[in-house]
Amino acid sequence: MLTISALLSLCAAAVARISGASKTIALSAAVLVFLHFTISSSDYAGVIYSRNMTTCALAIVFAVIWWPRAWSSIRRSRWTYVASFVLLGFAVQTLLTTLFAATVVGGALIIHRRQASNLERPIFVALASFGTTIITAPFWYFPRGSINEFWSGWWTYAGFMSAGTGRSLMNQIGLGWKEFVGYYQDRPIMLVLIFAFAFTTWLNWKSFAKFQRVMHIALLLWFGTGWIELILGQRYSSHYFSVLAVPSVFMGAVLMSQLGLVIAHRKKDQGSLDHEKVRYALPIATAIIVLFSQCSDLFWTGVEQLGTFTTFSHFEEQQTQNQGGEGRTTRAVIDLVSHQGDPLLAWTMYPWTYLEHDRVPASRFSWKSFMVGEIYLGKTSPKYVLPKTWNWFAQDMQQAHPEAYLRPKETLLNEQTPFAQYVATNFTTVYDGNSMEVGLNKDTWSNLMTPPTQSMGINQDKIFSETSPYVLSNTNCVRISGTLKSSDQNEESSIIFNLSDPTAAYENVHLALSATRASSSSDNVEFASKDLEPSDTSSLDFLVIVGSHSAVLVVDDKVVAGTRTGDQAQLSVALKSGQPSLSNLRIDTSPKLDGCANS
């Protein structure tokens, strides 16, 4: 996303410069655009969506149209001309509705630069380059026998998304107008910017050079086709509006340039010192306005975090430590059997289901909507499920072999689907939290639940006789089972397992257990807790599993607490309350866990 934002900022600077802006104003425009697409309060800022990528491609071509160096020779002009239409073709290939905006940008390119390339048939070359690029995808998939997969995703499902809303064309236009009004009621400054750009275009039309006329009309049409894309696509999620943001910020860059020229012209007869003041006044004022109107708390939070940044590993550690309690538990369970970047099977509609756990979808159907025929802002019907969905799902499972399954509880599982049947056959639910359900491969979990057989040979009287915690293991990758008993039937006893990093590179974390409650915590705060069903006896069997980067506490074959650990973890146990005793302590020093020697 930083790369996309940087490219957009460079394009904005190029547009500003060609419009007559000074280097200072062009740099200001670039910085402001970069801030807007990285840390502003807009939902498309700081993330990567397909529309961010396609609009970036359009922006690059648009900026190149006016960049003189790209057209400084016939040979370079030809390469630039063809490459521009190839890039436009890739944008449309990625997202079909980009065709409208690509037509505008491509039209501006043909009008302004068709003679620079000195081609005999420049329009034919443009259409050939553009069209050939679009059809490279089906030509890639066809020889590999995957053309049906490509066509289903690129065209058939696009038809489902349009038909599934049940709206006529006039209803779509009516909804678009409603969204337009609502969008700019919340962003009146942006509407003023659009009208100001249109007004200055009309006002200065006669004095504009040909390229300026082409640029201004192209930006207005690009803005209009952005709304056409939203209306016909019937997609109004906030992150989709990046298709409007790019032509809008380009208009803003042009307006900054024009305003700078007006001010400079009015002050040209004054002293050089005053001229320098005016030269820097506009970008500084604009920066202040944008910082306070666009960046909001997100910007200042980012500045604060930047001040504490040392290394990327330290930043990642901070992100982990700021994770919620249940998120820590689910991540700990998943980390036992898989590592970062591994496939995760999930029944979800949320990208953060994968992002928060650093996993990738195990199937091409990353959202459950694909498997139940659920159309965004529309109907839900089996007729909107692609015909070969379950064949492709089976192929994905054969290739991915996911070890973990995850489901946000608010996303109800459709028990009639082959997805649910696959989950029931291959996974067992090991953690049932308040908002998340985690399943692990049945064979893997069965092996982990097999009680360790090697006795630890520890005199149970010594465990709690000392004030310091009793060390059970000095390494990761260990399983320890035992029985917790309370010597006083009227008082609940509890113990705490400590996981400390000898190098102090990771915070100390703990897993606590009593007859009625289990929890995870650090030295300073409790992460999560879970109530347990009271036992008829005073004893409670437990299993502690420490993997390469996480640890969980298991009671009755279910995870009741979990936490991530550092690369090294010393496991110890200590008294927390009451008068407990531990017995039947047994250990497995080579469990089959991800990242462990025996995995």
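Note that Cβ sites are derived from N, Cα and C of the backbone, with glycine treated the same way.
TrEMBL does not curate its annotations; it predicts them automatically.
Within the chain, the transmembrane segment (44-67) has long-range Cβ neighbours (under 8 A, six or more residues past its boundaries) at 1, 4, 7-8, 10-11, 14-15, 18, 36-38, 80, 84, 87-88, 90-92, 94-95, 98, 101-102, 105-106, 108-109, 112-113, 211, 215, 218, 222, 238-243, 245-246, 250. Sequence annotations record features per position, and here TrEMBL assigns transmembrane segment to 44-67 (among others).
Residues or ranges marked as transmembrane segment by TrEMBL: 79-111 (among others). Same-chain residues lying 6+ beyond the ends of the transmembrane segment (79-111) with a Cβ under 8 Å from its Cβ atoms: 50-51, 53-55, 57-58, 60-62, 64-65, 70-71, 117, 119, 122-123, 125-126, 129-134, 136-137, 154-155, 158, 214-215, 217-218, 221-222, 225-226, 228-229, 232-233, 243.
As annotated by TrEMBL, transmembrane segment applies to 123-142 (among others).
Per TrEMBL, transmembrane segment is recorded for 189-205 (among others).
The transmembrane segment feature in TrEMBL is assigned to 217-234 (among others).
Taking Cβ pairs closer than 8 Å, the transmembrane segment (240-264) reaches residues 8, 11-13, 15-17, 19-22, 25-26, 28-29, 32-33, 36-37, 42, 44, 49, 51-52, 54-56, 58-59, 62, 101, 183, 190, 193-194, 196-197, 200, 204, 215-216, 219, 222-223, 226-227, 229-230, 233, 275, 278-279, 281-283, 286 in its own chain, all 6 or more past its ends. The transmembrane segment annotation in TrEMBL covers 240-264 (among others).
Summarising the annotation, TrEMBL assigns transmembrane segment to 280-300 (among others).
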Which residues of the same chain, at least 6 past either end of the transmembrane segment (217-234), have a Cβ under 8 Å from a Cβ in it?
58, 62, 97-98, 100-101, 103-105, 107-108, 161-162, 165, 167, 172-173, 175-176, 179-180, 194, 197-198, 201, 240-241, 243-244, 246-248, 250-251, 254, 377-378
